[in-house]
Amino acid sequence: MQNNKKTVVVGLSGGVDSSVAAYLLKKNYNVIGLFMRNWDSLINNDYLGNREINNDICPQELDYKDAQEIARQLDIPLYRVDFVKEYWDYVFENFISEYKKGRTPNPDILCNKYIKFDLFAKHAFNELKTDYIATGHYAKMKNGELYRASDKNKDQSYFLSQLSKEQLKKVLFPLENLTKDEIRKIAREQNLITAAKKDSTGICFIGERKFAKFLQNYIPAKKGNVLDITNQKIVGEHSGCFYYTIGQRKGLNLGGNKESYYVCGKNVAENIIYVAPSSRPEFLESNSLLASNLNLNTNNFNKKNLSAKFRYRQEDSKVKVEFLENNFVKVYYDKAQAITPGQQVVFYDGEKCIGGAVIEEIYLNDKKLTYL
């Protein structure tokens, strides 16, 4: 006998969040699991910095085995789709290109925009004929608009900021009102095999890597000088300016100096890293920025009530936003530190996430910071 329930395709990753998302949806929907494979270490020359390259079974296949077991436990069908080439073309090439320019990109945001909520969604709607898609993201949908999750510590709306209104239209976030502890409790109560599985970390779909080594697979290491920006004196040598981020304090290997340093800028063309003494924090300070590629997922917001995050897990800053032509925005804020070109500025109206843009230039009192 056919039921009248709508169908939802859940992105089953083999982790506890997507497992519980699938379990919760079973109460009201016909649930189909879909596992994505987006990275192949052998095809993608992922050797340096990869602790698992010599394992008999790669982490993605172990995750797939867990997803298969969850599907069996929940009695739902599971399909598998391969986006290795597309992930490289749409996400990873941009990631490497940005690092080559000395910028710090956010691959998770592009992965959501081009893979999870585009290619994955199209496969679910066109091939599996679903009514909705769902993921284990910590985020909330209300009346077709994106909001922060109830668990503010885990909220992932920041990473969904480049999704269009159209992409969000048929998305369900079953974990929107739950904390991580509550999710693990549900998983234990249902004896799900992922109940105690540790959270995935590292680069979206690639995993944990020794980051500088990992980048050397794609960007050759080239040593250069480290300059103290306060006096232009050489204070050390770096192993490649692509491997350092603005605000970085650890791993600089600048021993023998009177005080510790932090990275405050870089000149990729000259292969120079600029550092400043910890007692001089002003080289990280700014109070406005220019951003490109603005994406707004709604026009329903109060321009006078906007706040922004300049990186994930950061407190909101109150902002004034000037909307310019060609999807550029100028953003004004009280003094903030270590805002970095290539990262995403994400806008909120209270709890509502209205979109985001890519940080291009940083200013202090309307003067562009050229050493970034």
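The backbone N, Cα and C atoms fix where each Cβ goes, glycine too.
It should be emphasised that the depicted structure is a prediction, and the values quoted were computed from it without experimental measurement.
Swiss-Prot has this to say about the protein:
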| type | residues | note |
| --- | --- | --- |
| BINDING | Gly11, Leu12, Ser13, Gly14, Gly15, Val16, Asp17, Ser18, Met36, Gly136 | ATP binding site |
| ACT_SITE | Cys111 | active site, nucleophile |
| DISULFID | Cys111-Cys204 | disulfide bond |
| SITE | His137 | site 'Interaction with tRNA' |
| ACT_SITE | Cys204 | active site, cysteine persulfide intermediate |
| SITE | Gln343 | site 'Interaction with tRNA' |
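Feature map: Swiss-Prot annotations on the structure.
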residue: Gly11; record: ATP binding site; DSSP class: strand
residue: Asp17; record: ATP binding site; DSSP class: helix
residue: Met36; record: ATP binding site; DSSP class: strand
residue: Cys111; record: active site, nucleophile; DSSP class: helix
residue: His137; record: site 'Interaction with tRNA'; DSSP class: coil
residue: Cys204; record: disulfide bond; DSSP class: coil
residue: Gln343; record: site 'Interaction with tRNA'; DSSP class: coil
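Taking Cys204 (disulfide bond) as the reference point, the recorded positions whose C-alpha atoms are within 10 Å of its C-alpha, out of Gly11, Ser13, Gly15, Asp17, Met36, Cys111, are Cys111.
Residues Gly11, Leu12, Ser13, Gly14, Gly15, Val16, Asp17, Ser18, Met36, Gly136 are the ones the record ties to ATP, and the longest Cα gap between any two of them is 16 Å. All chains included, 22 other C-beta atoms sit within 10 angstroms of the C-beta of Cys204 (disulfide bond).
Note on proximity: among Cys111, His137, Gln343, the recorded positions of the record, the Cα nearest Asp17 (ATP binding site) is that of His137. Ranked by CA distance from Gly11 (ATP binding site), the recorded positions Cys111, His137, Gln343 have His137 at the top as the closest.
Here the Cα atom of Gln343 (site 'Interaction with tRNA') is found 14 Å from that of Cys111 (active site, nucleophile). Counting only same-chain residues six or more apart in sequence, the Cβ atoms lying under 8 angstroms from the Cβ of Gly15 (ATP binding site) belong to Asp63, Asp66, Gly136, Thr194, Lys197, Asp199, Ser200.
The Cβ of Gln343 (site 'Interaction with tRNA') has 25 neighbouring Cβ atoms from other residues within 10 Å, across all protein chains displayed.
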